[in-house]
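Chemist: As annotated by TrEMBL, oxalate binding site applies to Asn99, His104, Glu109. Sequence annotations record features per position, and here TrEMBL assigns Mn(2+) binding site to His102, His104, Glu109, His150. As annotated by TrEMBL, disulfide bond applies to Cys25-Cys40. The domain 'Cupin type-1' annotation in TrEMBL covers 54-205. The feature signal peptide is assigned by TrEMBL to 1-15.
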Amino acid sequence: MVVVLLALAYSGALASDPSPLQDFCVADKASPVLVNGLVCKNPMNVTAKDFFFCGLNKPGNTNNKQGSNVTAVNVMQIPGLNTLGVSLARIDFAPYGLNPPHTHPRATEILTVIEGTLHVGFVTSNPQNRLIFKVLNAGDVFVFPEGLIHFQFNPNMHADAVAIAGLSSQNPGLITIGNAVFGSDPKIDGGVLAKAFQVDKGLIDYLQKQFWMDNSN
């Protein structure tokens, strides 16, 4: 718990969201007004429930093709996070489970391994595209800079792994690379992707079909 609190404090210090102008701005998710973030609820109607989430102790369901599950705790789960520039996630991994290459466009991530072993890494921007990676064990901490593609993988074929991640935004956003490139709606032209990846268009057509089938299930 101490490690988790330190992770949250660190990610809060790096928060990329605008700073609050009052004690709090609990999100009014029912409001039709569109702003950068969420409209404030009347502070006189705020209760402790607006700052509370229960269930992060429960393992997520990893019975899927990736063998992983992310339990997000952001402003949609805790309305009181609105304007505070921080959120949290629990990530569960089955043996050989993968949190596939993805990016958070609005947040730095600091990850703490609670149980098991994880092989993690991120890729720097062009032109170096350097892979920076590390094998983490329980108690180890690793930082993924804002916006960079990163991943986490459980290399153990016999044991699960669990991690807690703090993120420097109330709404970090998530772009899973494979889904974005091959599963976009509408599809990116196959010829464009074939030229970009220097592969046969037939392979692109196959990948797009697979991603669409996976997303429709």
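Using the three backbone atoms N, Cα and C, a Cβ is placed for every residue, glycine included.
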Chemist: Taking each of the binding-site residues His102, His104, His150 in turn and counting other Cβ atoms within 10 Å of its Cβ, which one has the fewest?
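Modeler: With the binding-site residues His102, His104, His150, fewest surrounding Cβ atoms within 10 Å: His102.
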Chemist: Measure from the CA atom of His104 (oxalate binding site) to the CA atom of Cys40 (disulfide bond) and give the result in Å, rounded to a whole number.
Modeler: 25
Chemist: How many Å lie between the Cα of His102 (Mn(2+) binding site) and the Cα of Cys25 (disulfide bond)?
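Modeler: So the alpha carbons of His102 (Mn(2+) binding site) and Cys25 (disulfide bond) sit roughly 30 Å from each other.
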Chemist: Please report the distance from the Cα of Asn99 (oxalate binding site) to the Cα of Cys25 (disulfide bond), rounded to the nearest angstrom.
Modeler: 32
Chemist: What does the structure give for the C-alpha distance between Cys25 (disulfide bond) and Glu109 (oxalate binding site)? Integer Å is fine.
Modeler: 23
Chemist: Determine, to the nearest whole angstrom, how far the Cα atom of Glu109 (oxalate binding site) is from the Cα atom of His150 (Mn(2+) binding site).
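Modeler: One finds 10 Å between the Cα atoms of these residues.
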